[in-house]
């Protein structure tokens with residue numbers, strides 16, 4: 001199966017942040033080292049890790065935050081990808097990936113910079129990423145989009161750039177005015193450190209003295225389903241060379257009020273009179289669409305299923321998080337990156 005680099009990296013970061021008892025992390029870190037090796041085997045065939053550079057960079061960051069030595073070849077692979085502008089390879093947001101890899105580079109420099117040319121290359125990469133992420137700022141003040149901004153801000157916080165860049169104050173203000181967008185647990189975990197002026201790198205120096213083990217697991221509340229039902233129109237657009245018709249599906253779907261877009265897709269797939277089919281794949285941010293009407297999104301062809309609210313508003317939330325309005329039209333459009 002595919003390496004679970006990203007999940008293991010998040011597990012390692014969480015253990016450190018939760019002041020894990022001695023001996024709790026090593027098994028996870030051993031598995032993470034194995035996953036990093038397995039992940040890179042994909043590069044021989046695809047030109048990028050089997051997962052993507054986001055997960056590969058997150059793995060490097062977690063190893064560094066845990067104070068574990070990182071193979072020089074792992075660092076050099078990330079440096080090479082950064083120099084060649086390959087951060088978007090394998091799928092995912094380039095801004096997110098550049099920010100995570102930048103955090104890994106900053107961690108390596110902070111932990112005791114390697115000697116010789118590698119240290120020089122790391123410092124040059126951090127400067128280049130600093131400039132590139134600033135260029136990703138859009139008119140709303142976000143760096144990339146609302147959900148990529150927290151990781152980008154973490155990178156700037158970790159490299160002490162926030163006080164000298166007015167654009168970053170604007171990005172912070174834009175985040176504060178957009179907190180209602182953050183319902184996904186993964187997105188929240190990236191945002192919360194920023195609200196306290198911290199980054200994932202601060203997990204490395206967290207003080208665990210005086211911890212009284214008061215953390216208790218919580219059961220997330222499911223948003224209440226409102227009374228009655230809503231009707232959502234679902235429209236699929238696909239090039240004729242891949243589908244028999246340009247619009248192979250265009251029908252209304254009824255679901256309980258407050259339902260997620262994923263629930264809409266599931267309801268559509270159960271309608272007897274209109275054959276709608278789809279498949280999803282799990283990601284660090286929840287399920288994402290991979291197949292619609294038997295047509296697969298393929299990273300190597302830079303082909304993906306874009307989700308829009310008619311007429312042309314691209315949705316930033318995942319299908320499990322977005323809750324359509326009554327009468328809304330959702331478009332699933334096969335697009336090229």
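Every residue, even glycine, has its Cβ placed from backbone N, Cα and C.
On a predicted model such as this, the values are computed, not experimentally measured, just so you know.
So that you can see what the record holds, here are the features copied from TrEMBL:
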type	residues	note
BINDING	51, 52, 53, 54, 55, 96, 145, 190, 315	cyanocob(III)alamin binding site
DISULFID	64-107	disulfide bond
DOMAIN	258-335	domain 'Transcobalamin-like C-terminal'
SIGNAL	1-19	signal peptide
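Shown here: features listed in TrEMBL, placed on the structure.
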| residue | record | Cβ within 10 Å |
| --- | --- | --- |
| 51 | cyanocob(III)alamin binding site | 25 |
| 53 | cyanocob(III)alamin binding site | 27 |
| 55 | cyanocob(III)alamin binding site | 30 |
| 64 | disulfide bond | 24 |
| 107 | disulfide bond | 23 |
| 145 | cyanocob(III)alamin binding site | 16 |
| 315 | cyanocob(III)alamin binding site | 16 |
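With DSSP states grouped into helix (H, G, I), strand (E, B) and coil, the domain 'Transcobalamin-like C-terminal' (258-335) comes out at 13 helix, 27 strand, 38 coil. Sequence-distant neighbours of the signal peptide (1-19) (same chain, 6+ residues past either end, Cβ-Cβ under 8 Å): 25, 28-29, 31-32, 35-36, 38-39, 49-51, 54-56, 58-59, 61-63, 65-66, 200, 203-204, 206, 208, 211, 215, 284.
If you average pLDDT over the domain 'Transcobalamin-like C-terminal' (258-335) in this model, you get 87. The binding residues for cyanocob(III)alamin are recorded as 51, 52, 53, 54, 55, 96, 145, 190, 315; their greatest pairwise CA distance is 23 Å. For the pair residue 107 (disulfide bond) and residue 315 (cyanocob(III)alamin binding site), the Cα-Cα distance reads 33 Å. Between the C-alpha atoms of residue 51 (cyanocob(III)alamin binding site) and residue 64 (disulfide bond), the distance comes to 20 Å.
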